[in-house]
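**Student:** Just dropping this structure here.
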Amino acid sequence: MSVETKAPRVPCCSKLKLFLVSLSFVYFAKAFGGSYMKSSVTQIERRFDIPSSLIGVIDGSFEIGNLLVIAFVSYFGAKLHRPRLIGIGCLIMAAGAFLTALPHFFQGQYVYETTLSHIPEENSTESILPCLANTSHLVINDLSTAASKAACEKEAGSSMWIYVFLGNMLRGIGETPVMPLGVSYLDDYARKENTAIYLACLQTVGILGPVFGFMFGSFCAKIYVDIGSVDLESISINHKDSRWVGAWWLGFLVSGFLMLLAGIPFWFLPNTLAKQCKSPSKKRQKQDIQAKSSSDTPEVEPEQGSFIPEDNTEEDAPQPVTMAAMAKDFAPSLKRLFSNKVYLLIILTSVVAFNGFIGMITFKPKFMEQVYGQSPSKAIFLIGSMNLPAVAVGVIVGGLVMKRFKLSVLGAARLSIVSSFLSFCLLLIQYFLQCDNSEVAGLTMTYQGATEVSYQQESLLSQCNMGCSCSLKHWDPVCARNGITYASPCLAGCQTSTGVGKEMEFHNCTCMQELKGGLMAPPTNMSAILGQCPRKSDCDRMFKFYMAVSVLGAFVSACGGTSGYIVLLRSIHPDLKSLALGMHTLIGRTLGGIPPPIYFGALIDRTCLKWGLKRCGGQGACRFYDSHAFRITFLGLVYCLYGLANLLWGVLYLQLSKRQKKLELRSQAKATALEANGNNNPNGHAMVSIFKNKDDLDRDNESTI
């Protein structure tokens with residue numbers, strides 16, 4: 001007898017655990033690829049010389065891929081072989097990652113804009129710079145014809161970003177079956193009390209993917225894009241420069257390889273499993289038998305109870321279905337799903353919250369770069385090493401709280417509301433953690449010194465550089481000894497230079513000869529070095545406060561992630577679970593994933609003070625932003641979206657409370673009817689009335705949940 005009981009239990013548990021481990025690795029791999037894409041946004045923007053609004057479209061192509069197939073995958077996939085569909089998705093994601101990296105191998109070498117390339121290379125220690133009366137060596141991009149520009153753009157491969165767009169879209173298509181089919185598969189064959197901790201494990205391992213993705217993105221951002229094919233000694237910029245492009249393509253190759261490995265186990269897993277079994281002690285088995293024999297009513301689990309009335313009929317073995325039958329049932333299933341008021345409120349809340357999260361995480365590295373003067377690689381590294389581990393710990397804590405206190409659906413909703421509100425309060429604190437704008441002559445400074453070396457409005461020209469005939473379109477910043485940044489050595493009025501490459505230094509700069517107080521600067525203070533000047537020391541201190549608040553906010557927000565999922569899973573009918581998760585992902589990705597990078601990017605573009613120049617002429621990527629306007633625009637959008645999400649959580653909680661009261665009244669009526677039936681009606685007529693009443697409540701549930 002013991003052999004018969006153990007035989008089915010061991011494989012059912014081991015296969016479910018194998019599925020959990022395999023799905024966790026897929027979550028890690030897809031999160032690694034997605035986070036690396038987020039970390040490479042700035043590098044891709046600079047490499048292809050495109051504005052932030054267009055990079056938002058490229059970033060949103062992942063959600064576009066989801067939109068194309070997720071409704072069909074979620075519905076039809078639930079009735080087909082779910083593990084194999086996940087394996088197919090992994091292959092498609094790997095192909096998308098490889099396609100994204102493809103442009104690097106077909107494009108020419110990256111040529112960054114600079115005025116220094118026009119200086120003759122000599123062995124002498126001193127050379128003449130562009131601030132001369134004779135300006136025959138100036139760039140002639142503005143004089144090029146339309147035909148020459150078209151030929152140049154074709155040669156430079158300026159449209160190669162389309163491959164990145166298509167590769168990211170392909171990744172979105174491949175990712176489609178992972179979440180709805182994987183989570184529903186786990187929830188179908190795991191014990192209800194284990195679902196929360198399993199989801200927490202998935203999300204935790206999934207968080208490790210972004211940790212490694214962002215950290216690898218930081219590593220690649222410090223490697224020059226054409227590593228191995230150019231002499232790095234000849235490069236005059238470093239990874240802190242706004243023209244620097246890192247090896248963005250390298251991480252997509254690694255991501256594709258990980259996805260290929262992650263998909264292998266799913267080809268060997270079965271379509272169905274036995275319900276996860278428990279291995280209690282003999283004493284516990286005897287107690288369970290006694291409890292069952294002494295009770296006429298079924299045992300109800302208090303924790304994570306469903307808002308769906310349970311049927312007393314036993315589940316039949318899954319019957320084979322045809323594609324025609326599934327297609328015929330698709331529209332009625334959608335109608336049943338969207339008649340659920342709680343589900344609709346969850347969808348609306350998720351869409352608003354997704355808008356805030358996607359917009360924030362997409363441009364958070366750029367926010368840290370422009371507002372606090374951090375390099376892109378350092379910003380990406382800090383997000384991966386501090387924010388994301390805090391999210392992982394928060395997800396674990398949230399799952400443990402759910403399991404420890406056995407929270408009901410209403411309790412899970414309270415946990416999500418509290419964590420959402422507290423994280424919003426921490427976001428509000430970030431508004432007061434600001435730094436002064438960088439001092440850039442002609443952009444953020446309209447005068448310099450007591451004699452007011454003034455600049456023309458919206459221009460980089462002044463009396464000190466008027467005779468130099470400088471190009472106003474190039475961004476080739478130099479940092480003066482007085483702490484002021486100039487857009488180029490020419491615009492600083494520099495006459496000579498020493499050194500080569502990154503070690504070049506400029507001297508006799510006419511725009512630096514006046515200091516505050518009207519005193520003539522000594523000769524040593526009339527020099528400048530390559531690169532933008534660093535921020536003031538107090539900005540570093542402010543940035544540390546910002547990171548502390550940001551990490552704490554990430555932890556608090558993540559604590560409500562698992563409980564929010566439980567509210568979703570327990571508010572839908574079991575037969576609609578995969579479809580509900582798929583539609584939740586579809587709508588969330590469509591309305592919450594595609595638009596935010598676009599409108600966030602478009603509004604951020606409006607804060608740009610200095611646009612770069614494309615190799616073939618025309619406007620390129622933004623090189624310098626007004627940090628005050630950037631901060632207000634970025635945080636203002638995040639505040640509006642998260643504030644609305646908190647209001648919607650309140651409405652959702654009221655609806656859940658209303659439904660909870662209905663279920664309690666129903667339970668009381670059922671208990672009263674059972675007692676009356678046992679005492680006064682041995683023929684069982686009252687039970688018929690109970691089941692009729694239950695059918696009425698089921699119909700009411702279809703339209704009111």
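Backbone N, Cα and C define each Cβ position, glycine as well.
Curation plays no part in TrEMBL annotations; they are all automatic predictions.
What TrEMBL lists as transmembrane segment is 16-33, 53-78, 85-106, 196-225, 246-268, 342-363, 379-401, 545-568, 634-656. Per TrEMBL, domain 'Major facilitator superfamily (MFS) profile' is recorded for 19-661. Residues or ranges marked as region 'Disordered' in TrEMBL: 279-315. What TrEMBL lists as compositional bias 'Polar residues' is 288-297. The domain 'Kazal-like' annotation in TrEMBL covers 458-513.
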**Student:** Taking residues 6+ outside the transmembrane segment (16-33), which of them lie with a CB under 8 Å of any CB in it?
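**Tutor:** Result: 83, 86, 90, 93, 97, 171, 175, 178, 182, 185-186, 189-190, 198, 201-203, 205-210, 212-213, 216, 252, 254-256, 258-259, 261-263, 265-266, 269, 273, 276.
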**Student:** Considering pairs 6 or more residues apart, do the transmembrane segment (246-268) and the transmembrane segment (85-106) have at least three CB pairs under 8 Å?
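**Tutor:** The answer is yes, given that the two segments have at least 3 Cβ pairs within the 8 Å cut-off.
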**Student:** So, do the transmembrane segment (545-568) and the transmembrane segment (196-225) meet, by the test of 3 or more Cβ pairs under 8 Å (sequence gap 6 or more)?
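**Tutor:** Per Cβ check, the transmembrane segment (545-568) touches the transmembrane segment (196-225).
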**Student:** The transmembrane segment (53-78): which same-chain residues, six or more beyond its ends, come within Cβ distance under 8 Å?
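**Tutor:** For the transmembrane segment (53-78), the sequence-distant neighbours (Cβ-Cβ under 8 Å, at least 6 residues beyond its ends) are 34, 37-38, 41, 44-45, 85, 96, 161, 164-166, 168-177, 180-181, 184, 323, 326, 330, 333, 362, 577-579, 581-583, 585-586, 589-590, 593-602, 605.
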**Student:** May I ask for the residues of the chain that lie six or more residues beyond the transmembrane segment (196-225) and have a Cβ under 8 Å from a Cβ within it?
**Tutor:** 20, 23-25, 27-36, 38-40, 42-43, 47, 104, 110, 182-183, 186, 190, 232, 235, 239, 244-251, 254-255, 304, 376-378, 380-381, 383-385, 388-389, 391-392, 395-396, 398-400, 402-403, 558, 561-562, 565-566
**Student:** Can you tell me which parts of the same chain pack against the transmembrane segment (634-656), counting only residues 6+ beyond its ends and a CB-CB cutoff under 8 A?
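**Tutor:** Those are 307, 341-342, 345-346, 348-349, 352-353, 355-356, 359-360, 363, 367, 409-410, 413-414, 416-417, 420-421, 423-424, 427-428, 430-431, 567, 571, 599-600, 603-604, in sequence order.
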**Student:** Please spell out the DSSP helix, strand and coil residue counts for the domain 'Kazal-like' (458-513).
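**Tutor:** The composition, in the requested order, is 9 helix, 12 strand, 35 coil.
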